Structures are given as structure tokens and as C-alpha cells.
Amino acid sequence: MRFSSNAKQFVLLIIVGIFLLLGYVVFNHFNERQNMLSKPILRSRVQNIVSPERLLYKQPSVLVGRTDVVAVTPWLAPIVWEGTFDPDLVDIIYKSMNLTIATTVFAVGKYVRFLQDFLETAEKHFMVDFNVCYYVFTDRPDDVPSVNMSQGRHLSVIQVPGSNRWQEISARRMEIIQTAIERQISREADYIFCLDVDSKFHARWGAESLGRLVAVIHPWFYQATRDLFTYERRPASTAYIPMDEGDYYYAGAVFGGSVEDVYTLTKVCRNHLEEDARNSIEAAWQEESHLNRYLLYNKPSKLLSPEYQWDDKKTKTKEVKVIRFSTVIKNYAEIHPNV
């Protein structure tokens, strides 16, 4: 059988194209591996975090799919909604890595009353069958409740000073988490989530939430346009975001990621908070304002949908198929030292 000269050229082009494609794949594989190995880390186990996230959210066979919500950011980070991941596959991949997840909560002043519900519901729904270390920061260590923990899960109480201003407690959060990572958490955990204690878990919160740098879309702003986001708008603040900038409005009640990346986040935000304090300015929403500024210029590798930070005062919307974690209704005038 003979081929025309045109056919031979076409076949030759296909063969050359295949070799070029293989060369590109091999080059990128080794280039990416070299970048991972050269990156400084707090703890060597963190080096192995990247590949499972890419495997889970870049292979079409793993994605169940949703057409009623946006499931990817403009910078191609996944947005985790119910129906966009396979929980069984997620668990198989991550549980084989024997990870430990740190979880920080602040139970200062009267907020210690929320701690028991937080811990009891976490034991039912949060990172079930994973190693979890709860770090409770409180000025009332004697009031920390005793809660039965599953195997591989334990609680550490770290005493911190109280305050007459809830804004000051909020502003010092970044500093305290940074210090705890330096002194303890970096030796004990691979990932970390920083959560608000006045909240409860209602359904699965699993390894689908893990990533290098993770933020949650605020439940009151996920349907809002950028001009309605309550960013810090005063240029005098280090949390300042201009009106024509911004991707999402992130809730300060939930952020996380690898211990190394969260350490960097808290260190930068702490420095900015302290600089504002020296200039006698307080950002509109304290550490949440600084968190939003940081995440604008340091894009999260994964976003969690409002399923992971709902507000019990808000009526459930059709897009939210399951509420996993929510802020409870409370009387701020009664629990805050100042209003």
C-alpha cells in the first residue's frame, strides 16, 4: 500500500507533535518537582501535600459536577460545593498520608460557653478518622469542658489574656496563632484550620477542604457584587482595597491551609495590624479586613463555598445543598465586653 507525499507529510507531522507533547509533559513534571523540593518549609511532610489536591480537582472522572454554581475561580482554583467532589475517593487518598490537622479556636471571656457544642459537633463531623489537634486559646482554662475524643484526636489548652474590648481580642488573633505555630503547631501538624468557636458542625467537613491556602466565601456576600463588599476602603490602613479591586469577600471565621502557608499569612497580617495600631487606625473588620487584603494579593489555592461557613440568621438558599458549619445566633450585647 502506497501513501501520497501529502499523506506522508501529515503522518510525519503527527509523530513530531506527539514527541513534542511528551517532551513538554516530562519537562513540566521535573520542573514542578524541582520547584517543590527547593521550596523552604516548616515541616518536611508538607512537601507531599500538593499532588492529592491536583489529582482530585483536575481529573474529570473525580468531579461529579454542578451547573448551578461557579465551581472554579478566575485563577483556576476549585470552589468546593456539595456535588463537586467524590468523598470516598478523597478519603482514600488523604487517609493514606497519615496527616494531622490542627484546629484553632478562641474561647475568650463569655465565648467559652460555645466551646462544648463546637467540640462535640466537631467530633461527629470534622475530619472524621483523621488525626486532629484542637488548640483552644482561652483566658478561662478552668471552664474548658471535658469532651470525649476519638482515637488520634486531642485537645491542648493555651492560656491567653482577656480584654475589655472584643475588637482587641479579634485583632490579636493573628499574633497568637503565629506564635502558637512557631512554638508548637509546626511540630505537630501538617494542615491547620482557624475557626470561630461560636459555631457548630452539622455535616461532613472532610479532606476535600484541604489545600495549600484555603479561604471560605462569606455567606452574606457570595451573591453580591464587588462594590458591596465591606473591604477596608481607607488608604491610610494597610488593609486598604481600592473600589475597583477584589475577587471575593472572605469570612474571617474560617481560613486554613498548610501550616507553612498559614504561618506566612498570620505573620503578614499581624505586621499590618501592628502598623495600623502605631498609626492609630483600626480596620473596618479587624483581622477579617486584613485577611481579605492578604488573599487578594496571595490567591487561595482552594475556596470553600458558604456551605462551610453559613450563618444561622440567614435563610438557606437553593444553591446550598448542605450546611456543614454555621455561626450560631447569639446576643452580642450580652457576650461582648463592649458593643
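Backbone N, Cα and C atoms are what each Cβ position is placed from, and that goes for glycine too.
According to TrEMBL, the protein has these features:
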ACT_SITE  Glu288  active site, nucleophile
BINDING   Phe106, Ala107, Val108, Tyr111, Asp196, Val197, Asp198  UDP-N-acetyl-alpha-D-galactosamine binding site
BINDING   Asp196, Asp198  Mn(2+) binding site
TRANSMEM  12-30  transmembrane segment
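Feature annotations (TrEMBL) mapped to structure.
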residue: Phe106; record: UDP-N-acetyl-alpha-D-galactosamine binding site; Cβ contacts under 8 Å, 6 or more apart: Phe137, Thr138, Val160, Ile169, Arg173, Ile176, Asp196, Val197
residue: Ala107; record: UDP-N-acetyl-alpha-D-galactosamine binding site; Cβ contacts under 8 Å, 6 or more apart: Phe114, Leu115, Val136, Phe137, Thr138, Arg140, Val144, Val197
residue: Val108; record: UDP-N-acetyl-alpha-D-galactosamine binding site; Cβ contacts under 8 Å, 6 or more apart: Phe137, Thr138, Asp139, Arg140, Val160, Gly162, Ser163, Ile169
residue: Tyr111; record: UDP-N-acetyl-alpha-D-galactosamine binding site; Cβ contacts under 8 Å, 6 or more apart: Val197, Asp198, Ile335
residue: Glu288; record: active site, nucleophile; Cβ contacts under 8 Å, 6 or more apart: Ser170, Tyr250, Ala251, Gly252
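Using the Cβ center of Phe106, Ala107, Val108, Tyr111, Asp196, Val197, Asp198 for UDP-N-acetyl-alpha-D-galactosamine, the list of other same-chain residues with Cβ within 8 Å runs, in sequence order, Val105, Val112, Phe114, Leu115. Counted within 10 Å of its Cβ, the other Cβ atoms near Asp198 (UDP-N-acetyl-alpha-D-galactosamine binding site) come to 21, all protein chains included. Of the residues the record lists as binding UDP-N-acetyl-alpha-D-galactosamine, namely Phe106, Ala107, Val108, Tyr111, Asp196, Val197, Asp198, the two whose Cα atoms sit farthest apart are 11 Å from each other.
Of the binding-site residues Asp196, Val197, Val197 has the largest number of other Cβ atoms within 10 Å of its own Cβ.
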